[in-house]
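Shown next, in structure tokens, is the structure this report addresses.
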Amino acid sequence: MAKRFGALQSRQQDFVTKRYRSAEAAEAKSTPPTNPAPEATAAGTAVATQLPDITKLSSLVLKSRERFLSTDGIPTNQLVLAALKTCQAAANAIHPFLTRTASRSSNTTSTASNLLSLGSDASKSGGSANAQQHPDMPAVLKQAIDAVTESAFAIVAHAPVIITPEVLELYVNVQSRLGRAETLPYVLELYASKPLPKVVDGALQYVAQNPKGADKAINAQTAEVALNTALEARNLDAALGIVECCYTTDAYVRQKLLKQALLPAAVLGATPFIVYGLSAALAAYQNTVEPGTATKVAFAAIIAYIAFTSTIGTIAKVTADDHMKRVSWAPGITLTKRWLREDERAALDKVACAWGYKETYRHGEEAGIEWESLREYLGLKGMILDRVEFMEGMN
């Protein structure tokens, strides 16, 4: 079965290479028009001429999905990656057409209309966000994007499939190339909660796994790509769902404690013993007081110095707000929670910056249902959106 997927993938890569070269040759031969209207027409014609190739590409992806889903038993990780790489190759082939459609739409849409559309129904719909943002997208292109998206999701959501970090990263990359973020929160949650398949007495059984384990935390790079995909797709629900799945879980907290707090805690625990040995050594170099008294005095002085300086440094680092743009902590949030949830706050800050005005002097002028919902959501999280004393010109 792996050989069939490898042969299918090699044929698809050859097909993508030929299509890409033909498109480049056609663009090289074309002369730049003087009128922008014929330019848009020519671009639309170029896309239209390539649509049969996209249809053929989507059919290859559907065949690959059917072959994968028809396999018996637990598929190997290499087999899952081969099936997803087929979807990735198709997504890479579709991406240039999606980029051209987006560029033509941006040329015909002003900045003011984009800002006015923040609170419209187009930005609230999850599955049809791309279609509403690009109304001039050909129907065949939409069908191809849907086919690749659904195929990748069917492969990952297949019950016997074990979602490894490599599989999750590849799936997020496929959806990122297609600009589809609707399924990302569900798959990110599925990564930690999906039952593991096992063969017991010749029968396939599923065992629940621990979603709170540190190994079930989402990789930082994968989480960033998923969040950027949701922001580019203007899907607020998906963006907040990705933040919840990546930065608020118990698995993320445990992984952060192991990676960033274990070594400092070990050093802190060993500090009294190291300081006592150093104090005893220093007491031997004097003859003014008894060695025992000198050791106690030196030990107390060194411990007091370390405790004072480390406390001041920790408070200064945790309470620093120079890196905060629009989202800051509300009064009363403990320093421990601020440190543990800093990545969550940074991600929500990124969401707020993407949904609001880019000009800093216009911060605070946003309005609309989505913006008010985001403000209320941040308030429930112990955060403040556009704190007045932190805004430009207000301090």
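Each Cβ is built from the backbone N, Cα and C atoms, and glycine gets one as well.
What TrEMBL records for 102-118 is compositional bias 'Low complexity'.
Residues annotated as compositional bias 'Polar residues' in TrEMBL: 120-133.
Sequence annotations record features per position, and here TrEMBL assigns region 'Disordered' to 16-45 (among others).
Residues annotated as region 'Disordered' in TrEMBL: 102-134 (among others).
Look at TrEMBL and you will find 261-285 (among others) tagged as transmembrane segment. Within its own chain, the transmembrane segment (261-285) has Cβ neighbours under 8 Å at 291-292, 294-296, 298-299, 302-303, 306, counting only residues six or more beyond its boundaries.
If one looks beyond the transmembrane segment (297-316) by at least 6 residues along the same chain, the residues whose Cβ comes under 8 Å of a Cβ in the stretch are 271-272, 275-276, 278-279, 282-283, 289, 335. For 297-316 (among others), the entry in TrEMBL reads transmembrane segment.
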